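Colleague: Annotation source TrEMBL lists active site at Cys126, His424, Asn445. The region 'Disordered' annotation in TrEMBL covers 1-24.
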Amino acid sequence: MGSNNSKPIPTNKRDNEKPPCGTTATWSLKQIASGGSLDIYDGHEAPPPYNAGDRVRSLTIPQLGDWEENLLSNSKNRLAILSFATTPYSQILTNQSAVRLDSQVFNVKIPLEGAPITNQRSSGRCWLFASTNIFRVPLMKKYNLKEFELSQAYLYYWDKIEKANWFLEKVIETADEDLSSRLVQKLLEDPVNDGGQWDMVANLVDKYGLVPHAIYPDNFSAQNSAKMNWLVTVKLREHALILRRLAQSHPERLARRKEEFLKEIHSLVTIMLGPPPSPKKAFHWEYYDADGKFQEVYDNPQGFAKQATAQLARGDVDPSKMLSLVNDPRNEYDRLLTVDKLGNIVEGRSISYVNVSMETIKVAAIAMLRAGHPVFFGCDVGKFYDSKLGVMDTSLLDLSLGFNTTLRMSKADRLNTGESSMTHAMVLTGVHVEKGRSMRWRVQNSWGEVVGDKGWFVMTDEWMDEFTYQVVVDPRFVSKEVRDILNQKPQVLPRWDPMGVLACG
């Protein structure tokens with residue numbers, strides 16, 4: 001197909017991966033020869049013999065004094081102390097030469113990116129904003145709109161109710177486990193997290209549909225979700241303890257009590273977010289099109305969603321078949337992954353991750369963009385980014401200049417130690433390709449126009465390698481070998497695995 005990128009999809013696995021971030025002086029992630037663990041020794045030199053007697057057992061005042069004297073003997077360290085006392089080190093150590101290269105210029109860009117830039121405010125609804133920013137594009141074409149938003153609050157409302165039901169079901173399923181077990185504690189940790197995943201939004205759209213933002217706009221609790229989440233979480237934990245006891249003593253009462261609890265949660269959420277449109281009841285939407293002409297639409301949420309998804313399907317992207325490609329170097333590539341007890345709608349679509357190399361991910365994303373389609377992606381946005389500049393770049397900070405040290409963990413190391421996970425979802429709308437290699441990516445965020453370049457970010461290819469974990473693509477933009485992975489029996493990751501973290505940035 002003409003939209004395919006010139007780079008072949010690799011058949012080798014980790015051998016095709018680039019070193020984590022090259023060999024730049026500002027950000028050193030040492031490539032480990034055997035699987036990615038840290039190694040502080042050079043070449044094949046054996047480590048020095050270990051002597052337990054030489055190990056520091058307790059810090060001493062003289063020792064600390066010696067360290068400080070040595071630190072202050074260096075004039076560069078004294079300058080750093082003075083500088084960082086009044087200014088964030090991230091501002092002082094910004095690598096300006098790297099920033100100059102991170103321009104918002106791309107030779108591959110989709111024709112309609114969607115407007116306006118959306119703003120999730122003080123909530124963790126990034127996944128709903130990213131997905132609705134994708135679904136709005138075909139509707140903007142269909143209805144001839146300059147700007148348009150779908151209601152994120154509509155999906156958010158139903159997600160809260162469904163997650164409560166999901167949580168109580170999992171509480172009953174695990175009633176035989178000790179309350180202090182790792183699984184039960186993980187379930188209790190955050191039962192109605194604002195975050196989510198692509199398969200979860202697909203569940204919501206399939207069941208409840210979509211509505212324009214004007215039909216069900218954000219209110220205070222949608223934009224500032226902490227207090228609502230706290231109240232609902234406390235009630236669900238209270239319900240969980242009761243259901244666990246009933247499961248042991250009177251299991252015949254579980255169904256009735258669970259329904260009572262869900263009715264209470266429904267009441268709380270509805271009072272705070274307001275009653276949403278019924279999925280099957282028609283709404284009346286009035287608007288002006290791009291030519292300034294008055295228009296009106298009568299439809300119900302399920303029918304309106306079918307318009308969006310049908311338009312996408314006619315453009316050779318079928319939302320119902322979209323798959324999540326992930327890059328988890330801890331696990332074998334070309335394997336299907338899932339996460340135990342992670343989801344939102346009981347009997348809905350399960351979480352499925354196709355674990356592949358970053359090269360495969362980038363080839364698929366570029367092919368989608370060349371064909372004119374925006375791409376949902378998940379990443380760890382809090383690392384090496386500047387929200388004012390709108391830059392995500394592993395060379396952004398010169399840590400060695402300020403602290404005489406570099407960071408050496410691999411992507412797998414960061415996942416294994418809790419240093420990184422998929423925390424945020426955004427949309428790719430462009431890429432700059434030179435000699436068949438992607439150099440930087442255009443990113444549509446959902447933090448409003450006051451951040452980045454009026455809401456837009458640029459992501460370097462090296463940053464993508466290190467901190468991007470997922471892209472969602474149509475199957476026709478990957479090879480048959482990748483599509484066939486969906487037929488595998490999935491490897492089940494535990495609920496507390498970092499790949500089970502929900503995007504809520």
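Glycine is treated like the rest: Cβ placed from N, Cα and C.
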Colleague: What's the number of neighbouring CB atoms sitting within 10 A of the CB on His424 (active site)?
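Modeller: For His424 (active site), the 10 Å Cβ neighbour count is 23.
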Colleague: What does the structure give for the C-alpha distance between Asn445 (active site) and His424 (active site)? Integer Å is fine.
Modeller: 10
Colleague: Cβ distance under 8 Å to Cys126 (active site), same chain, sequence separation 6 or more: which residues?
Modeller: Gln120, Gly195, His424, Ala425, Met426, Ser446, Ala503, Cys504, Gly505
